[in-house]
Amino acid sequence: MKSQPVTQELHFIFPLFKTISSDIMSFLVSIAGIAMLAQIVLGTFANVFIVLVTCTDCIRRRKLFLADGILTSLAFCRIGMLWVILISWCSIVFHQALSLQVRFSICVGWAVTNHFNMWLATILSILYLLKIGNFSNLIFLGLKRKIKSVFIVVLLASLVLLFPNLITVTVCETVQANGYRGNLTGKTKRTYFMNLTAMISFTLDNIISFTISMVCFLLLIYSLCKHLRTMRLYGKGPHNPSASAHIKALQAVISFLLLFSMFILSLIISGYNYMKPLNEPVHLICQLIGTLYPSSHSYVLLWGNRRIKLAFVLAMVQVRARLWLKEEKP
């Protein structure tokens with residue numbers, strides 16, 4: 001007799017608990033969506049500002065410096081990547097059924113923008129090392145003299161890793177689109193195999209890029225320590241232009257490595273949960289964390305470049321002054 005009221009209470013509690021947990025998850029998804037949109041807007045603003053400043057200076061000087069060219073290309077890639085992420089996010093959250101051609105376009109667009117975003121940032125790390133690093137090694141000096149050729153070779157070599165990524169992404173999307181025609185076991189095996197292949201190809205591409213940037217970072221630290229030791233030997237203080245250039249380069253590279261690590265980790269976690277629907281919280285949170293990399297690192301580059309930083313500060317001062325004048329008017 002006593003067990004019947006308990007059973008009735010449990011039948012009442014479980015649906016209530018399920019409703020509360022569903023409401024909490026929808027609230028968290030909404031917060032993540034707002035944060036995602038804010039990151040994309042701020043990241044797009046920073047990258048557009050970098051493009052405008054570098055292009056304006058290029059037109060005024062009638063000359064494009066190598067660093068400005070890399071920064072501009074990187075900014076364009078990040079703008080494209082952020083908007084591809086936004087389109088993908090909206091299609092997942094709002095349950096929009098996309099055609100196969102649109103899904104192909106999103107996957108290919110993401111693969112291309114992610115690849116060049118990653119390798120242009122790596123080339124920027126190499127530029128910092130070759131421009132600021134101080135080594136007497138013959139190989140280093142030879143690379144420093146042929147810096148443009150080094151970048152062309154690195155960029156062309158990275159294309160060797162891009163094509164396998166494009167092939168695996170395209171085949172994976174085709175298998176997922178046509179998987180419903182076969183039996184469930186065959187579909188699951190094909191999807192697992194293609195996702196595993198795509199993850200291996202993507203991880204290989206990222207590990208090579210990450211390793212090159214890490215080597216540049218370690219060599220910059222060694223060069224800075226060597227420079228500070230020389231300054232101490234000659235009785236000079238540590239605060240000098242060369243040390244400041246080393247520190248700024250290290251800040252840019254370490255921020256890239258940290259944000260890039262978070263980006264890779266979020267994609268790996270999302271990849272291992274491929275069996276779950278894309279609107280599950282694990283995928284949405286991974287996308288939110290992954291968006292930090294292309295949006296936040298642009299502000300680090302903006303603040304580390306003296307010319308772009310000055311233009312940014314002046315623009316903010318002008319905006320603030322105009323707002324103040326509007327408030328003062330009766």
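For all residues, glycine too, the Cβ spot is worked out from N, Cα and C.
Among the features that Swiss-Prot reports, topological domain 'Extracellular' is placed at 1-32 (among others).
Cβ atoms under 8 Å from those of the transmembrane segment (33-53) belong to residues 71-72, 75-76, 78-79, 82-83, 85-86, 89, 93, 284, 287-288, 291-292, 294-296, 298-299, 301-302, 307-308, 311-312, 315 of the same chain, restricted to positions at least 6 beyond its ends. Annotation source Swiss-Prot lists transmembrane segment at 33-53 (among others).
For the topological domain 'Cytoplasmic' (54-73), the predicted model reports an average pLDDT of 86. As annotated by Swiss-Prot, topological domain 'Cytoplasmic' applies to 54-73 (among others), with the evidence given as sequence analysis.
Per Swiss-Prot, transmembrane segment is recorded for 74-94 (among others), and the stated evidence type is sequence analysis.
Annotation source Swiss-Prot lists topological domain 'Extracellular' at 95-122 (among others).
What Swiss-Prot lists as transmembrane segment is 123-143 (among others), and the listing cites sequence analysis.
Summarising the annotation, Swiss-Prot assigns topological domain 'Cytoplasmic' to 144-149 (among others). Here the topological domain 'Cytoplasmic' (144-149) has Cβ contacts under 8 Å with residues 66, 127, 130-131 of the same chain, all six or more residues outside its ends.
The transmembrane segment annotation in Swiss-Prot covers 150-170 (among others) and is backed by sequence analysis. Remote same-chain residues near the transmembrane segment (150-170) are listed as 66, 70, 104, 107-108, 111-112, 115, 119, 122-123, 126-127, 130, 143, 194, 197-198, 201-202, 204-205, 208-209 (criterion: CB distance under 8 Å, separation of at least six residues from the stretch ends).
Annotated topological domain 'Extracellular' per Swiss-Prot: 171-201 (among others), in sequence order, evidence recorded as sequence analysis.
Positions annotated as N-linked glycosylation site by Swiss-Prot, on the basis of sequence analysis: N183 (among others).
Under DSSP, N195 (N-linked glycosylation site) is assigned to a helix (H, G or I) in the three-state scheme. According to Swiss-Prot, the feature N-linked glycosylation site maps to N195 (among others), an assignment based on sequence analysis.
Residues 115, 118-119, 121-122, 125-126, 128-129, 132-133, 135, 158, 161-162, 165, 246, 249-250, 253-254, 256-257, 260-261, 264, 267-268, 271 of the same chain lie 6 or more positions beyond the ends of the transmembrane segment (202-222) yet place their CB under 8 Å from a CB of it. The transmembrane segment annotation in Swiss-Prot covers 202-222 (among others), and the record cites sequence analysis as its basis.
Per Swiss-Prot, the feature topological domain 'Cytoplasmic' maps to 223-248 (among others); the stated evidence is sequence analysis.
Cβ atoms under 8 Å from those of the transmembrane segment (249-269) belong to residues 118, 121, 124-125, 128-129, 132, 199, 202-203, 206, 210, 213-214, 216-217, 220-221, 224, 282, 285-287, 289-290, 292-293, 296-297, 300-301, 304 of the same chain, restricted to positions at least 6 beyond its ends. Marked as transmembrane segment by Swiss-Prot: 249-269 (among others).
Annotated topological domain 'Extracellular' per Swiss-Prot: 270-283 (among others), in sequence order.
Feature annotation from Swiss-Prot assigns transmembrane segment to 284-304 (among others).
Tertiary proximity for the topological domain 'Cytoplasmic' (54-73) is limited to same-chain residues at least six positions away from its ends with a CB under 8 Å from its CB atoms, namely 116, 120, 123-124, 127, 131, 147-148, 151, 301, 305, 307-308. Within the chain, the transmembrane segment (284-304) has long-range Cβ neighbours (under 8 A, six or more residues past its boundaries) at 29, 32-33, 35-36, 39-40, 42-44, 46-47, 49-50, 71, 74-75, 78, 81-82, 85, 88-89, 92-93, 117, 121, 124, 248, 251-252, 255-256, 259-260, 262-263, 265-267, 269-270, 312. There are 18 other CB atoms within 10 A of the CB of N195 (N-linked glycosylation site), with all protein chains counted. Among residues of the same chain six or more beyond the transmembrane segment (123-143), those with a C-beta under 8 A of the stretch's C-beta atoms are 66-67, 70-71, 74, 150-151, 154-155, 212-213, 216-217, 219-220, 223, 226-227, 242, 245-246, 249, 252-253, 256, 301.
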